[in-house]
Amino acid sequence: MYLEQIKGELQEAADVLAKFMADEKNIQLIQEAALLIANSFKQGGKVLSCGNGGSHCDAMHFAEELTGRYRENRPAYPAIAISDVSHLSCVSNDFGYEYVFSRYIEAVGQTGDVLFGLSTSGNSKNVLNAINIAKEKGMKVIALTGKDGGQMAGLADVEIRVPHFRYADRTQEIHIKVIHILMMLIEFEMAKTA
C-alpha cells in the first residue's frame, strides 16, 4: 500500500545525509564544535541550548545526554536546555516570545559558556536574540541551521548547516545525527583529562 512512499522517504533521508557528508567542511565543523564545548567544560563553563518545536526537543536531548550519559558512564557535564515552562510563559507574557531564550542567557550565561542554538530555517527570532546576548556576554556560539543559514549565517563561532531546502524534518534528522556525534567526541575529549 505505502511501500514506495516508505522507500522514497528513506532514500531522500539518505540523499540529504550523503550531500551533507560530501562537504568536508561539515566534518571539520563538527569536530570544531565538539572541541569548543569540551574546552569550555575543562575551563569550568557550561552549555545552554535552545530551539523551537522539534529543535527545542533536540536542544533538550543534547542537554540531557550531557548531564546524563551518551554511550559510556562518566561524570556529568554542565548543560541546561532553556525549557523551564514557568520561565518561558513568564517571559512570553511579559516581554514576548522572541525574548524567552535571551532573557535566560542574560540571567545565567557567563564568559566561557557555550550557547548551542538550533533553527532549521536560521531565522528564529528568539534564537537570534539569544545569540546576540551570548556574544555580548563573551560566550561562544554554536548554531545548527538549515537551508542557507538564514539570518544566523555568519553569526556563530561554529555554524553547522544542513543545505536542505524542502522540509524541516530532513534538516532535523541531520541535526540529531550531529548531536550524537558531538556527544561521542565530547566524551572522547573529556576522557583525556579524567
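For all residues, glycine too, the Cβ spot is worked out from N, Cα and C.
Look at Swiss-Prot and you will find 37-194 tagged as domain 'SIS'.
A 10 Å cutoff on Cβ-Cβ distances gives GLU65 (Zn(2+) binding site) a total of 19 other Cβ atoms nearby, all chains included. Annotation note: GLU65 (Zn(2+) binding site) sits in a helical segment as assigned by DSSP. Residues annotated as substrate binding site in Swiss-Prot: ASN52, GLY53, GLY54, GLU65, ASN93, ASP94, SER119, THR120, SER121, SER124, GLN172.
For HIS180 (Zn(2+) binding site), the Cβ neighbour count at a 10 Å cut-off comes to 15, with all displayed protein chains included. Residues annotated as Zn(2+) binding site in Swiss-Prot: HIS61, GLU65, GLN172, HIS180.
All chains included, 29 other C-beta atoms sit within 10 angstroms of the C-beta of SER119 (substrate binding site). Distances between the Cα of ASN52 (substrate binding site) and those of the binding-site residues HIS61, GLU65, HIS180 are shortest for HIS61. Taking the binding-site residues SER121, GLN172 in turn and counting surrounding C-beta atoms within 10 angstroms, the largest count is reached at GLN172.
Long-range Cβ proximity for GLY54 (substrate binding site), meaning a same-chain Cβ under 8 A and a gap of 6 or more residues, is found for THR120, ALA168, ASP169, GLN172. Nearest neighbour of SER119 (substrate binding site) by Cα distance, taken over the binding-site residues HIS61, GLU65, HIS180: HIS61.
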